[in-house]
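Just below is one structure, and these are the notes that go with it.
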Amino acid sequence: MVPKLSWLRLDSHHMDPVEFFSNHIFRMVFLGTTVIGLVAGALGAFAYLRKQSLISDVIGHAALPGALLAFLAAVTMFGVNGRSMLLLVIGAVITGTLAALFANTIAARTKVAIDTAMAISMTTFFGFGMLLLRFITNNPFPGKGGIQDYLFGNAASITRADLTTSIAVGALAMGLMVVFWKEFTLRSFDPVLSTMLGFKARIIDTLMFTTIVIAIVIGVKAVGFVLMVAFVVTPPAAARQWTNTLPGMVMLSGLIGGLGSGFGAYLSISLGNVPTGPVIVLVLFAILLFSLLASPKRSVVITALRRMRARRALKQELISEGSTR
Amino acid sequence: MTSTPLACESQDLSVVYRDEPVLRHVNFRVPTGSVMGIVGPNGAGKSTLIKAMLGLVKPLTGHATFFGQPFGDVRKRVGYMPQSASVDWDFPTTVIDLAVMGTYGELGWIRRPGKAERARAMAALEMTGMQDFASRQIGELSGGQRQRAFLARALVQAPDLYFMDEPFQGIDAKSQQAMIEVLKDLSAQGKTIVIVHHHLASVLDFCDHVTLLNKRIIASGPGPETFTKDNIRMAYEASDGAEAFLAEAG
């Protein structure tokens, strides 16, 4: 009899770490996803605290047409490599920002609520991106091979240059966060006091928004725009369960993102023909689930038990008091 | 008109939310050294008045001055305590970190708080009796402790004028007493305090001036002569809460 799990080809592809890291492509996949996870996790903490997790989804989906327009501009007008990470980032930043502004404008000017406005903006930009994608694949543009990977990523396509760009751009965004730590914190926690003390809201918001956009677009090649939001949203939610300080949360979130991504990448390669991004997303979710269940102060299990006991005690008390009327 | 210099005043301040007027022609004057209570029914524009004066909400007409100057020139002399309901209590910050935020204004952009700032924050926590809770996450505090932590943050800023939005909302008697002691100290030092207050019966316990507000100023001035039954009735337009209070007051 054939074991049921044989299709995963666990045994045939399982490899020891030495074998794994001696392979250049595997090494690139591992390092690339670790950097992406670390940067997105750390920067995602502030998005979580400002309750702007959804905006990262908007940026992610709206980045698609930007990256594709950048590709088109590069190959048709400038005759350069349209797949360079830097060009992709620039295009993605532009349309990602436009989509976020578009959503905010709809919410501010009309009676459409912000969640609806975000969904409208996100799907509209994404729909336009899908049309562009079809246009590119149907026409003979140089270097278009594999461009549909922008959607769901292809970790095996990470080059050394991509890794260098990711580290440089990620370090820049993390540097912004460290330098403006005090301003980011106050604006997230108490926007009124922040403005009163003379910190210009527009400056801080622009800086914070820039870091979130970078956190999203950094992962496009390896993970794709669609799943990248999980890298920004899930690690902070998990980290928040374990720590009560902001530095602790940002560091832990980065750690969870980095380690979870590295582990997920290793797992996806060991398992054989399994896409890396989705495996990492599931690993991150497993970490979140564990955090929600097991964290000493915020565990949902312990909270539910405590509440049940308290209710039972209260019920006893109320019954023993008897009806007063 | 009094001859006392004013800590702050608004001139013909009107605020519109979308196309709904929230404040109309408000001339609000707070004498230096007074404890001014702003009282009025829900939706009277009490918080909006503070926000508009501080430039957080753009007024349709009018403007405000602080110590005779625009707010931007004297922002370091003005402190603020937010309404408890507007705070994210799950935010990962400790009581001491919260108090340190009171130093951010003078630090300005990029510069970080150091030992001196932490020491000042700790001293302020001692003044409000919160020193033992310094390393607690703010959500782990009781209602009264939360307000005392925010009061400490305002004290760290050492302003000459304090704005407090419902500081006694949902707090225990002990915390209220501790806070009133601090307010009396501040008042004795000549500081000016503006308090948005909800509970009619206790207004005159700690306010020496009262402003009755309901989209416009109904009455404003020294406590007893302003906080009259007629004025209260006019401000509340015979709403239930005020009727009960008036009935009790006889």
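For all residues, glycine too, the Cβ spot is worked out from N, Cα and C.
Unlike curated entries, TrEMBL annotations are predicted automatically.
If one looks beyond the transmembrane segment (A:25-49) by at least 6 residues along the same chain, the residues whose Cβ comes under 8 Å of a Cβ in the stretch are 55-56, 155-156, 158-160, 162-163, 166-167, 170, 173-174, 177, 184, 188-189, 208, 211-212, 214-216, 218-219, 221-223, 228, 231-233, 235-237, 239-240, 246, 249-251, 253-262, 264-266, 269, 276, 280, 284. The transmembrane segment annotation in TrEMBL covers A:25-49 (among others).
If you look up TrEMBL, you'll see A:61-80 (among others) marked as transmembrane segment.
The transmembrane segment annotation in TrEMBL covers A:86-104 (among others).
With a cut-off of 8 Å between Cβ atoms, the residues of this chain six or more beyond the transmembrane segment (A:116-136) that come close are 54-55, 57-58, 61-62, 64-65, 68-69, 71-72, 95, 98-100, 102-104, 106-107, 110, 144, 147-148, 150-151. The feature transmembrane segment is assigned by TrEMBL to A:116-136 (among others).
What TrEMBL records for A:167-186 (among others) is transmembrane segment. Sequence-distant contacts of the transmembrane segment (A:167-186) (same chain, at least 6 residues past either end, Cβ-Cβ under 8 Å): 35-36, 38-39, 42-43, 46, 85, 89, 193-194, 197, 199, 204, 207-208, 210-211, 214-215, 218, 246, 250.
Long-range Cβ contacts of the transmembrane segment (A:207-233) within its own chain (Cβ-Cβ under 8 Å, at least 6 residues beyond either end) map to 29, 32-33, 35-37, 39-41, 43-44, 46-48, 50, 52-53, 55-57, 59-61, 63-64, 67, 85, 88-89, 92-93, 96-97, 100, 149-155, 157-158, 162, 166, 169-170, 172-174, 176-177, 180, 183-184, 187-188, 257, 261, 276-278, 280-281, 284-285. Positions annotated as transmembrane segment by TrEMBL: A:207-233 (among others).
As annotated by TrEMBL, transmembrane segment applies to A:245-267 (among others).
Taken from TrEMBL, the feature transmembrane segment covers A:279-296 (among others). Tertiary proximity for the transmembrane segment (A:279-296) is limited to same-chain residues at least six positions away from its ends with a CB under 8 Å from its CB atoms, namely 33, 37, 223, 227, 230-231, 234-235, 237-239, 241-242, 256-257, 260-261, 263-265, 267-268, 271, 302.
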